[in-house]
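Down below is the structure, laid out as structure tokens.
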Amino acid sequence: MNVFDLAEDNLSDNAVIKVIGVGGGGGNAVRHMLENRLEGVEFICANTDSKALIGFETGVSLQLGSTITKGLGAGANPEVGRDSALEDQEKITQLLTGADMVFITAGMGGGTGTGAAPVIAKVARELGILTVAVVTKPFPFEGRRRARVAEEGVRELRENVDSLITVPNERLLPVLGKNISLLKAFGEANNVLFNAVQGITDLIMRPGLINVDFADVRTVMSEMGMAMMGTGSASGEDRARVAAEAAIHNPLLEDINLKGARGVLVNITANEEVGLSEFTEVGGIIEEYASEDATVVIGCAIDPSVGDEMRVTVVATGLEGRSAVEMKSAVGESVVSQPVMAKVEQVIESNESSMTVAPSMSKPSQSVKAEVVEKNLEEKNESADSASISSGDKLSYLDIPAFLRRQAD
């Protein structure tokens with residue numbers, strides 16, 4: 001089912017979208033979005049560390065658990081983060097009231113983000129707000145304990161949101177290279193969170209030739225569970241095909257199959273010169289890979305600032321229950337060939353199967369950027385050594401490298 005709404009004005013002016021960054025990682029992501037001028041949303045920064053909120057003047061800041069933590073942070077303990085959010089649950093409710101959609105961004109594995117994000121998500125859901133979480137999972141060098149705590153946090157968060165997009169920082173490493181600086185690595189992770197939120201908010205807020213009602217977005221993302229997002233951009237004669245294919249099956253996402261998605265949200269962003277044939281080509285490519293039973297919503301937003309570039313964002317929801325390999329076997333499909341790409345800038349994926357990076361190729365007539373965020377297609381069985389973020393598993397600051405403690409809270 002394709003939902004096309006032909007219009008020349010913005011039909012989503014009344015949609016209220018709020019982005020709340022929880023903990024150190026979430027706060028850094030929100031600041032990054034502000035620096036990159038993400039438009040059409042209201043920003044909230046929540047933290048147990050009062051110092052982390054200093055200088056956050058553009059949006060609303062919320063200190064969590066002042067009685068419990070005295071403003072000193074959660075000490076990398078998710079239980080403290082959870083209790084702090086519960087202490088200020090009434091304030092959270094007041095800040096979120098009136099929103100149509102809430103994005104929750106956080107870094108999993110620390111104290112405040114891991115513990116407080118599920119509480120905030122539950123409040124939002126109880127208010128009837130469409131709730132989408134976009135979170136990061138730790139880099140390998142951050143330690144196994146932090147990784148286990150992150151997995152438990154993701155599982156808990158998953159139960160309290162409509163759709164969940166995870167960004168395993170580990171998938172950045174093969175693309176960024178081993179010589180990248182620590183600050184730049186975290187900056188790239190923030191950029192992925194930014195792109196994930198921007199891709200969806202642009203679809204709702206930007207005026208275009210084909211607008212998407214907020215109700216359509218709710219249909220695709222409400223109560224859908226695990227999701228993935230891919231963004232491809234290209235310029236040149238064949239930009240529509242290249243951008244669409246880059247968004248759907250980047251070389252690092254060969255095991256993703258849209259046949260298993262219950263909802264597919266597509267946004268095309270281009271200047272006023274976008275042609276009908278280009279829109280048709282993108283729609284045809286999506287139709288080819290999407291399930292016949294999936295709800296497919298396609299919108300086209302106009303942004304003169306993009307110049308000759310076309311950006312295609314694909315959000316696939318309702319992916320859990322079957323692995324990519326199982327889905328391919330069921331539909332009798334083989335792996336698709338790799339799209340023509342000039343450069344893969346960011347590729348992130350939460351399936352922990354090993355993948356290889358295809359060599360970059362140059363093509364003078366085209367410039368392509370692919371930025372992909374993938375969700376696990378099936379929840380892992382809890383292993384015997386999985387960390388429990390209960391009172392029985394106290395995390396010590398000594399387990400967290402000093403330069404990561406600020407992120408940990």
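Residue numbers in this text run from 1 along the chain shown.
The backbone N, Cα and C atoms fix where each Cβ goes, glycine too.
TrEMBL does not curate its annotations; it predicts them automatically.
Among the features that TrEMBL reports, domain 'Tubulin/FtsZ GTPase' is placed at 16-208.
Note on T112 (GTP binding site): other Cβ atoms within 10 Å of its Cβ, all shown chains, come to 36. Sequence annotations record features per position, and here TrEMBL assigns GTP binding site to G24, G25, G26, G27, N28, G111, T112, G113, E142, R146, N190.
As annotated by TrEMBL, domain 'Tubulin/FtsZ 2-layer sandwich' applies to 210-328. Mapped onto DSSP helix, strand and coil, the domain 'Tubulin/FtsZ 2-layer sandwich' (210-328) counts 46 helix, 36 strand, 37 coil.
Positions annotated as compositional bias 'Polar residues' by TrEMBL: 353-367.
Annotation comment: TrEMBL describes 353-391 as region 'Disordered'.
Taken from TrEMBL, the feature compositional bias 'Basic and acidic residues' covers 371-383.
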Q. So how far apart do the GTP binders G24, G25, G26, G27, N28, G111, T112, G113, E142, R146, N190 get, largest Cα to Cα in Å?
A. 19
